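> The following block contains the structure, expressed as structure tokens.
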Amino acid sequence: MKIIAYAVRDDERPFFDTWMKENPDVEVKLVPELLTEDNVDLAKGFDGADVYQQKDYTAEVLNKLADEGVKNISLRNVGVDNLDVPTVKARGLNISNVPAYSPNAIAELSVTQLMQLLRQTPLFNKKLAKQDFRWAPDIAKELNTMTVGVIGTGRIGRAAIDIFKGFGAKVIGYDVYRNAELEKEGMYVDTLDELYAQADVITLHVPALKDNYHMLNADAFSKMKDGAYILNFARGTLIDSEDLIKALDSGKVAGAALDTYEYETKIFNKDLEGQTIDDKVFMNLFNRDNVLITPHTAFYTETAVHNMVHVSMNSNKQFIETGKADTQVKFD
């Protein structure tokens, strides 16, 4: 049994090493580069591929994998929106993901960043750097006085709800697929418009689908309370970035914490020190005191990386042995 893993980072290698020791019957090849048309031939002779990347898995790459006899593909992440689904179906590829590598990791950072915005931490850091130790005018807000609207109440959304409740915030939620326990608590509102009208903080925990592309746009912002806070630790395409800038300029949005950006693949996880970033929209957001940007690192904890490697590799082994996997993704 042979599995090839692409785009293996240095920080992932210890977890691959652990998995290989636990599964001595599996031969594993680790490739540091992303899966592309140029290196897909490395998969020849392997039974499965374990992959991670934001870059698209194109029809060309998937067809070449299938031509090499590799029909079992395990993603070390949640999202499958960068897969060419028609090719997946046409070639009968088995796909698995890691549906919940660490909900707490993402929920914890979203709340952490919100607290920095509410406590004016970025502004105080600037003042302290200049030895300005005055308080005013940067007075803070308390989370326990606010209503938090959680869009998407899956594993991550529910972890965030628990943390927000711990701070004493009122929490309301919206999800097309409601959680039975949360529904018993009466937490859900019936429409997004209701959530926009009531929430002081809006946090996104939904996947990137056609139906929610730019779900936070000018129309959505217009329905929100003045001075709302926006948290996006899900997918960059959920927010129309230019409309967010306008909402920040008008004061409709008081601040935003973003761990994703719709054109992030050109920027995130790259060392751009001393270089000019020519994305004007990104730089507009990046240079604001009331916008906190992290480079898609909400997931990035030891627990999460361990789970990403072990769950994906276990699923690939299951595919090879049985043709099915616990985390198999079905495409209707």
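Glycine too: its Cβ is placed from the backbone N, Cα and C atoms.
Features from Swiss-Prot:
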BINDING   Arg155, Ile156, Asp175, Val206, Pro207, Asn212, Phe233, Ala234, Arg235, Asp259  NAD(+) binding site
ACT_SITE  Arg235  active site
ACT_SITE  Glu264  active site
ACT_SITE  His296  active site, proton donor
> I want to verify one value. Collapsing DSSP to three states, which class is Asp175 (NAD(+) binding site)?
coil
> Counting across all protein chains present, how many other Cβ atoms fall within 10 Å of the Cβ of Glu264 (active site)?
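Counting Cβ neighbours of Glu264 (active site) within 10 Å gives 21.
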> Can you tell me how spread out the NAD(+) site is, meaning the largest CA to CA distance among Arg155, Ile156, Asp175, Val206, Pro207, Asn212, Phe233, Ala234, Arg235, Asp259, in Å?
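Overall maximum Cα spacing for these binding residues reaches 21 Å.
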> Sort out for me which one of Arg155, Arg235, His296 has the most neighbouring CB atoms within 10 A, since those are the recorded positions we care about.
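When each Cβ's neighbours within 10 Å are tallied, Arg235 leads.
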> Counting other CB atoms within 10 A of each CB, which of the binding-site residues Asp175, Pro207, Phe233 comes out lowest?
Pro207
